[in-house]
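Take this structure, written in structure tokens, and hold onto it; I'll ask about it next.
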Amino acid sequence: MRGEEGNSAEENLETKEGTPSSEDERYIHKVSVPPKQKLFQEIKSGVKETFFPDDPLRSFKDQTNRRKFILGIRAVFPILEWGRDYNISKFRGDVIAGLTIASLCIPQDIGYAKLANLPPEYGLYSSFVPPLIYALMGSSRDIAIGPVAVVSLLLGAMLQAEIDSATNAEEYRRLIFTATFFAGITQATLGVLRLGFLIDFLSHAAIVGFMGGAAITIALQQLKGFLGIKNFTKKTDIISVMQSVFGTMQHGWNWQTIVIAATFLCFLLFAKFTGKRNKKLFWVPAIAPLISVVLSTLLVYLTRADKQGVAIVKHIKKGINPPSVKELYFSGQYLLKGLKIGVVAGMVALTEAVAIGRTFAAMKDYQIDGNKEMVAMGVMNVVSSMTSCYVATGSFSRSAVNYMAGCQTAVSNIVMSLVVVLTLAFITPLFKYTPNAILSAIIINAVINLVDLHAAKLIWKIDKFDFVACMGAFLGVIFFSVEMGLLIAVSISFAKILLQVTRPRTALLGKIPRTTVYRNIHQYPEATKVPGVLIVRVDSAIYFSNSNYIKERILRWLVDEEELTKESYQNKIQFLIVEMSPVTDIDTSGIHALEELNGSLKKREIQVKTA
């Protein structure tokens, strides 16, 4: 009896669910047509939401002209805003952080200048002026500014293809300053025009692959200094590098150089491991490169290993940055080349800097304005190009050390810059006997962290197409060139966007037993189809680019369902319900496609309903 009562209760429940009562019908709401906007208002609203989603002028409302002027100055120079609350406690933290990152940046800068095929002093120049400009205009408290490995390699590879740095050093230097100028113009323009969203078109997966490939390429380039090879290929692909390395194995390698490089690389890796193991010892990996430079320089000087074939830095020009305004190319054959290289380098540098800034801002729970950051980076690189610097940006390794050292504001960049200028003014002659091998070891140690295997594994688990983008960029950099890898990364990112826009996801829905809930039958195997009814969900806006695909996909599903019903002798499909709650927008092409679908199904005596 109890079982029969249970069955009858379920039947009654199903009947109630299947046929809405008169009380339910009274609460059915119609979707009203939104109020019409004037054309100008509609365009204004769209432009505002696209380019000014953060409403940057909000703080200027209902303010006097004098107050608006002050707010405008503070917006351009954030240091005037946070500087009002600056105190001795913050200064203490910034000084410690600045001194710590200075000890890291000096040996790195010398090595990165070599990556860009420049004399070593230009790396130090680029850690003097750019950090000062950024401290005035930047909004990140933690980012540390200077030359970075990836951008240095990118500039070196692209510029070397235009001018040989060995035979035409002056023209090469002028072209790199011109490229830096246009990199700054590109960055500032993106910020002023509120086009920061363009850098988001390079997907995270593509960036992971590109950075990993660039890191390996940089490490392979360091084999010249690590092994003491004199005649080394100028190409960056792995095949050319390996041929150059093994082709000189018998007579081109220098065992003293290898011993120095391998010993100090092990020391640097151990210091890095110690810092990761104990967060309180963050200063150990930060100061390890400078210790390595000092010890290796003393070793070479005392043993005169340079007489045994160990290559040394020899000469670093003493003094601060000379002006370079007159060296920029504003006409002639190199103008367009400098523009092209500058745009590419500027975009890569910007992507890295914004990613670093957002990462540390999230860790300290504060906001940075991406467009302000672009303007700050742009102005910084324009000024840099006029003061003998090349493209500078945020360095992840230095920024991490800056954060761990307890930096409070951008004053840590000013402290680092002052240490660098003192080094340029007084200490550079002491680097004469610094072996190139130690610079190679420092760079290899610095770029190892750019190979993010954990991120690659996560990308593989989550999205296979993203993994294709990641590996495409990675293999493109390694087997072809840095530019080709970047091109592949951008191309695959755009291909994914186009694929998602033109081929949106759609799903067949079924009813979850004993509920009124309908879900994707592929994700919920227990969901059952309603006899005679086909329920399809569209998971995207319907535009001209995908309307025909959606129509044809629904028709193909209908054909498949009709074949299944014939084989299983089930009821013929009489209703098509298109679930459109995920559809956020539909244009005239989408409406026309649905009208065509409705007309086609009427001929088959199938009713169409949308939900």
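Glycine residues also receive a Cβ, built from the backbone N, Cα and C atoms like all the rest.
Residues or ranges marked as region 'Disordered' in TrEMBL: 1-28. Taken from TrEMBL, the feature compositional bias 'Basic and acidic residues' covers 13-28. The transmembrane segment feature in TrEMBL is assigned to 175-195, 201-220, 252-270, 282-302, 341-362, 374-393, 414-431, 437-455, 467-495. The annotation domain 'STAS' is assigned in TrEMBL to 523-611.
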Return the stretch with the most CB pairs under 8 A relative to the transmembrane segment (252-270), choosing among 175-195, 282-302, 341-362, 414-431, 437-455.
437-455
Mean pLDDT for the domain 'STAS' (523-611), as a whole number?
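Average per-residue pLDDT within the domain 'STAS' (523-611): 87.
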Could you check whether the transmembrane segment (437-455) packs against the transmembrane segment (201-220) - three or more CB pairs closer than 8 Å, residues at least 6 apart in sequence?
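These two segments touch.
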Six or more residues out from either end of the transmembrane segment (175-195), which same-chain residues have a Cβ under 8 Å from its Cβ atoms?
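The answer is 51-52, 116, 118, 155, 159, 162-163, 324, 327-329, 334-335, 337-339, 341-343, 345-347, 349-350, 371-386, 388-391.
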Would you mind listing the long-range same-chain contacts of the transmembrane segment (374-393), meaning Cβ under 8 Å and 6+ residues beyond its ends?
76, 116, 118, 122, 125-131, 133-134, 137-139, 145-148, 151-152, 155, 176-181, 183-192, 196, 321-325, 328, 345-346, 349-350, 352-354
Which of 282-302, 341-362, 414-431 has the most Cβ pairs closer than 8 Å to the transmembrane segment (201-220)?
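Highest pair count goes to 341-362.
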So how many of the residues in the domain 'STAS' (523-611) end up helix, strand or coil by DSSP?
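Per DSSP, the residues of the domain 'STAS' (523-611) fall into 38 helix, 18 strand, 33 coil.
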Given a Cβ distance threshold of under 8 angstroms, which distant residues of the chain, six or more beyond its ends, lie next to the transmembrane segment (467-495)?
153-154, 157-158, 201-203, 205-210, 212-214, 216-217, 236-239, 344, 348, 456, 459-460
